[in-house]
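Below is one structure, written out as structure tokens; the observations come after it.
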Amino acid sequence: MLIVVDHPLVKVHISILRRQETGTDAFRQHLTALTRLLAFPALQDLQLTPISVRTPLAETTGYRVQKMLVLVPVLRAGLGMVEGFRDVVPDTVVSHLGMYRDHRTLKPIRYYSNFPASYHDHPVILLDPMLATGGSAVDALDYLKAEGARNIRVVSIISAPEGVKKLEECHPDVRVYTAQLDERLNELGYIIPGLGDAGDRQFGTVPD
Ligand SMILES: O=P(O)(O)OC[C@H]1O[C@H](OP(=O)(O)OP(=O)(O)O)[C@H](O)[C@@H]1O
Ligand SMILES: O=c1cc[nH]c(=O)[nH]1
Ligand SMILES: [Mg+2]
């Protein structure tokens, strides 16, 4: 199920990310701000546990997050979405997943993974700004489910219709929160209009 997050500030930040003149520092800053905005709808149903809180004046009821959230950024580009979530959610676990698309076949190559063994029934948030062909997200979800994760959602910045369709076919149980559904992929598998290569835009590397 695709949820396109519709908010005026989402539109403003995404426009800055798209501009080719936006440099690495501004790109990182606006990606963090945008991710923070996406965290709210993505965690609307976050389970809480009531706790007792003592204010300077009285005892009252407060809440804490029931099960620690596991953030799974897909390297490299997903790294830029970690801080936005950590800014607003206390005590998260960050579990990195290294993956890149082979430039010729567009197939995902997984090169690193680190999912903690004892977090299977915790909410898992897969973070990757770009959902293009959907190959990387499908492979990441295959991996997380094989590791035992059951409660997973995906948060992306820009999604292509081709990637959304593939995810819906392969993982119909997983909700996808995105800031924008774009038009299409080009012949090289890049999202149009998109924002270019999200990893290169964040880290200043030039594509080969
Ligand atoms: O939906 P897909 O067609 O699989 O494409 C999306 C993937 O492509 C990008 O990673 P990339 O391969 O550029 O790696 P990088 O983050 O290291 O640059 C992006 O961050 C996704 O992981
Ligand atoms: O447009 C795209 C497609 C895949 N990965 C990116 O970083 N950008
Ligand atoms: Mg890249």
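Each Cβ is built from the backbone N, Cα and C atoms, and glycine gets one as well.
Not measured: the values here are computed from a predicted model.
Binding of 5-phospho-alpha-D-ribose 1-diphosphate is annotated in TrEMBL for R101, D128, P129, M130, L131, A132, T133, G134, G135, S136, D197; the matching candidate from R64, R76, R86 at the same site is R76. Neighbours of the uracil site: apart from I191, G196, D197, A198, residues of the same chain with C-beta atoms within 8 angstroms of the site's C-beta centroid are A77, P129, M130, I158, Y190, G194, L195, G199, D200, R201.
Between the farthest pair of Cα atoms in the 5-phospho-alpha-D-ribose 1-diphosphate binding residues (R76, R101, D128, P129, M130, L131, A132, T133, G134, G135, S136, D197), the distance is 17 Å. The CA atom of A132 (5-phospho-alpha-D-ribose 1-diphosphate binding site) is located 11 Å away from the CA atom of G196 (uracil binding site). Checking each of the binding-site residues R76, D128, M130, G134, S136 against G196 (uracil binding site) by C-alpha distance, the shortest gap belongs to M130. For D128 (5-phospho-alpha-D-ribose 1-diphosphate binding site), the nearest neighbour among the listed binding-site residues (I191, D197, A198), judged by C-alpha distance, is A198. Mapped onto three states, the DSSP output places S136 (5-phospho-alpha-D-ribose 1-diphosphate binding site) in helix.
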